[in-house]
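Working notes for the structure below.
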Number of protein chains: 2
Amino acid sequence: MSSIAARLIPAWLRQYQLTDLPTDVVAGLVVGVLVIPQSLGYAVLAGLPPVYGLYAAIVPVIVYAWAGSSNIQAVGPVAITAIMTASSLYPYAEQGSEQYILMASLLALMVGALLWIAGQLKLGWIMQFISRGVTAGFVSGAAVLIFVSQIKYLTDIPISGSSLVDYVGSMITQTNQLHPQTLIIGVIAFCLLVANRYGKKWLWHSWLSASYAKWAERLFPLILLIIAIVLSMSLQWGALGVAIIGEIPQGLPSFTLPPIPDVSEALNLLPTAGLMALIAFVSSSSVASTYARKRGESFDANRELTGLGLANLVGGFFQSFAVAGGFSRTAINVDSGAKTPIASLVTVLVMIAALVAFGSALAPLPYALLGATIMSSIIGLIDVATLRSAWQRDRLDALSFLAAFFGVLIFGLNTGLVIGLMVSFASLILQSSQPHVAVVGQLGGSGHFRNINRHDVVTFTNLLILRIDESLFFGNSESVHRRILQATKDYPNAKEIILIMAAVNHIDLTAQEMLSTLNQELAEQDKRLHFSFIKGPVMDIIGHTPLINELSGQVYLSTIEAVRDLEKG
Amino acid sequence: MSSIAARLIPAWLRQYQLTDLPTDVVAGLVVGVLVIPQSLGYAVLAGLPPVYGLYAAIVPVIVYAWAGSSNIQAVGPVAITAIMTASSLYPYAEQGSEQYILMASLLALMVGALLWIAGQLKLGWIMQFISRGVTAGFVSGAAVLIFVSQIKYLTDIPISGSSLVDYVGSMITQTNQLHPQTLIIGVIAFCLLVANRYGKKWLWHSWLSASYAKWAERLFPLILLIIAIVLSMSLQWGALGVAIIGEIPQGLPSFTLPPIPDVSEALNLLPTAGLMALIAFVSSSSVASTYARKRGESFDANRELTGLGLANLVGGFFQSFAVAGGFSRTAINVDSGAKTPIASLVTVLVMIAALVAFGSALAPLPYALLGATIMSSIIGLIDVATLRSAWQRDRLDALSFLAAFFGVLIFGLNTGLVIGLMVSFASLILQSSQPHVAVVGQLGGSGHFRNINRHDVVTFTNLLILRIDESLFFGNSESVHRRILQATKDYPNAKEIILIMAAVNHIDLTAQEMLSTLNQELAEQDKRLHFSFIKGPVMDIIGHTPLINELSGQVYLSTIEAVRDLEKG
């Protein structure tokens, strides 16, 4: 019984101290109220009716509170998963249609299932595969796309597509659909929000204390939202042709089975869901691990996979779209004093209250305000600082940044991310593609062998001794091959070629085949190939392969042994 | 003048020896005649009318003869680029339509341009980035796709799509369209061709000498083609409803401008063209370099890029689809005695003769025979041997094989290739993701520091000395971070942490940020971080970064210096 309870009741709840309750409740209320505009906006960004932003902040949050890795991370709808949802579903259904809404939940469910499976397989280390440059470049590119996509709501021009080219193209051809009143409302809201965020020094700090100024800045979007609702109601913006969000359905998200896709559709969505899962995991982990470090806690990547996975999986059955941990949400949560997931559960109550009690009050809200909210908040995600520091400190990482950034703008989110990853992997391989292959000689009469260019060593006419300084794999086997052949041309009288393998930790299939080819080529020139100092684990792998079975020479335990056996004076 | 001539007239032509002419001519005639069935079939595989297979064996071949890297490689339509063309254009136009044909040339042109640019940028080393497992897995998956796709021509069931799931799905729903006569013709032809290829021992070798048997096997598909034409004509197969290729246009491929795509379409095709270029380059290089090695010539990957690029680029303007070097074509060319590209030029004359003189003779040929030709020849590309040897010799490469193979079958060619590459890169990173971090102590009173678990060394209570045994990058920075923090917990009294960086050749941005974070974390615990033995090139990069500027400790040239400075006895 107690073990079942232990599995069902999370550790933070069993150890809950009632003294934390007041700050948790306050933090939960603050986050709940402040993130409402954002949540509505991200739903719109995802191509869904605004109310789905509130839905996405209910069931997934409850599940993450139970199963997540972090006590203080606030999960919910975030910009990146929202835009990825929009661009993935673009070919399948019209934004906002019933089919589209169901597919957004299906995608959340798939993302959740993939994350959960990855958690069960303990694939948390996969986070390490994405370099800083790729993440920053991808997020920056996505931010630009998001910014441009929201111009739709500030102008009423129907912008669609999945890349910057699509957006700009559809914008240019349809400028005649610009709606002036909408533009005025949107631009004013955008300017106010940008001033609030980037002009906070003179706007708030000039007359408020630091902590008041911080809260003034945070409350401002909500106040603007209320003002917009009041103005829209009193000035009848809807009747002027300004798009307003309209009556939103009252009540909680309900259990809804997403459509069962046909196999081909599911397979088309799967790679997209995989990339979304990767990005949701990487961004959530980066939030959760940053705060874990600040609080001196350890961060368990596999637990984060499982928690985020379940949150999306269960959320997918309750009308949620894909969620992740959000930096701004979490920052507000922590700043407001959250100690445990109780704060998140209070946030859920705020969302429920908004849905049940204030739903109809939101009806006059113009879409332009939501667009302006997102545009002003997304600017900060364009990460010029990382690009600049990468440029100064690691050019190849800067290249990965640029590849991901322009990849996203030109080819869209998925292809852009893949391009960025490819470039970062390629630059990694490039770094080890030219390993050092040194011609060595014997140091005095000792068992030590050193580079003949740097030390005064003894060489032997019939022997060519080469030291390979790195593991052999597909990325360097051709250049190693070339260098060895070059050395045999430089020392034409050496009939016995000895490769010192002391630094080789691994020889992959490509490199094994290269060595086999080399063995044959040397044999055709009446030269023999020998190895010395092959490490135990390497020998275990290659011991019974054609490479060793057909080797023209011998495998020696040490180089000195090889020299004694082979030298002819 | 002579330098212009030198640039315009390839080296093999300037040095041409007339004694090579007879064998070149014979080889050219043989290749030209033997590859006709294949060429027609690959055009059909690419979704084009059969005659385009002959077109693709004219202009690109002439250009490659002039600019290619290999004297004996025979380029032309090959299975992989054909199926990639079909699956790339599938969403854009109906197979065989005028628009489709123009887009196939456009794709060849884009592939050519990308290859040519890569050649100018000297990106030949990129070939090294693709492991044996990925190539073999991709080709095997493509072979299965090709095999299944050709069932269309043996049954008359319209199979379409871009993955195995699509194929099988469309086959199952349309079985009622099976055309029995076509099936009979196709199955008989397929069985005969398989017997010819895999039963050659009893079919030919039992009664012919080895070299006659070889030529009997090679001639057989051509003879079967002629028999099929004769039977089709006399038995009126066309009237029975058997699909025949019909009148083919007489005359040579003409200069045709491919359609100028709109930006969005071009951008959608570009990643596909990139992958096709990569595959065309990798497969051609593998053919050309294999034969270069056999002939003791050197292989210039950049020249191959340029040559293959120009062949496709110019070919795209002359109604060709994407071409590459073919293994079987080249093998026949070499076996028949080809010494120089004159052989290829003779092949071109054969194609021209076929087009001009025999074009109408091909009309009664049933598509089922072309399908059977491809199906029987494609089986050999399913590379079980490589999978088996990878499984025994390098499990991670076997994993890459399987990822590419099933990726292609499940998600189609492009996604499958990307998945295979990702898995091969990931397994590479995985191998260096857990580098050795050793706690070391001083050996006697010397300047040498060794692992405390393996040597009898002196340690110092207030010092923790750690040696990092690999370059630091995004793939291992988190695990190094964890290990260092763990070591500081194991030695709580050590307030000075010294990292020996002698084996660190590179520190990327992610790892630099990790070390900065580590520095802060240690500072918060009143511990200082020091480095010793930072290599020159590494110091050049990190010298002026926040990491060094904000370091709580010092950078020492040697560990002994650090110990002397910091130890408190």
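Even glycines carry a Cβ here, placed using N, Cα and C.
Across all of the domain 'STAS' (B:453-566), the predicted model scores a mean pLDDT of 89. Marked as domain 'STAS' by TrEMBL: B:453-566.
Listed by sequence, the residues of this chain that lie at least six past the ends of the transmembrane segment (B:21-45) yet keep a Cβ under 8 A from its Cβ atoms are 51-54, 56-57, 74, 76-79, 82-83, 86, 146, 149-150, 153, 218-219, 221-222, 225, 245, 321, 328-329, 332-334, 336-340, 342-351, 354, 362, 365, 367, 369-371, 373-374, 377. The transmembrane segment feature in TrEMBL is assigned to B:21-45 (among others).
Long-range contacts of the transmembrane segment (B:99-117) within the same chain, counting only residues at least 6 positions beyond its ends with a Cβ under 8 Å from a Cβ of the stretch, are 46-49, 52, 81, 85, 88-89, 92-93, 256, 258-259, 261, 266, 269-270, 272-274, 276-277, 280-281, 305-306, 308-317, 319-323. The feature transmembrane segment is assigned by TrEMBL to B:99-117 (among others).
Beyond its flanks by at least six residues, the transmembrane segment (B:129-148) meets 45, 79-80, 83-84, 87, 159, 163-164, 167-168, 278-279, 282-283, 286, 374-375, 378-379, 381-384, 386-387, 390, 394, 397-409, 413, 416-417, 420-421, 423-424 of its own chain at Cβ-Cβ distances under 8 Å. The transmembrane segment annotation in TrEMBL covers B:129-148 (among others).
Using a Cβ-Cβ cut-off under 8 Å and counting only residues 6 or more beyond its ends in the same chain, the transmembrane segment (B:178-198) has close neighbours at 153-157, 204, 217, 220-221, 224, 228, 237, 240-243, 366, 368-369, 371-373, 375-377, 379-380. Among the features that TrEMBL reports, transmembrane segment is placed at B:178-198 (among others).
The transmembrane segment annotation in TrEMBL covers B:219-246 (among others).
The transmembrane segment annotation in TrEMBL covers B:266-288 (among others).
The transmembrane segment feature in TrEMBL is assigned to B:342-361 (among others).
Proximity of distant same-chain residues to the transmembrane segment (B:367-387), defined by a Cβ-Cβ separation under 8 Å and at least 6 residues beyond the stretch ends, is recorded for 37-38, 40-42, 44-45, 50, 79, 132-133, 136-137, 139-140, 142-144, 146-147, 150-154, 182-183, 185-187, 189-190, 193-194, 196-198, 221, 224-225, 228, 242-245, 328, 398, 401-402, 405. Residues or ranges marked as transmembrane segment by TrEMBL: B:367-387 (among others).
If you look up TrEMBL, you'll see B:399-430 (among others) marked as transmembrane segment. Only residues 6 or more beyond the boundaries of the transmembrane segment (B:399-430), in the same chain, are considered here, and those with a CB under 8 A from a CB of the stretch are 83-84, 87-88, 129-131, 133-134, 136-138, 140-142, 144-145, 162-165, 271-272, 275, 278-279, 386-387, 390, 475.
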Is it possible to list how many residues within the domain 'STAS' (B:453-566) are helical, extended or coil according to DSSP?
49 helix, 21 strand, 44 coil
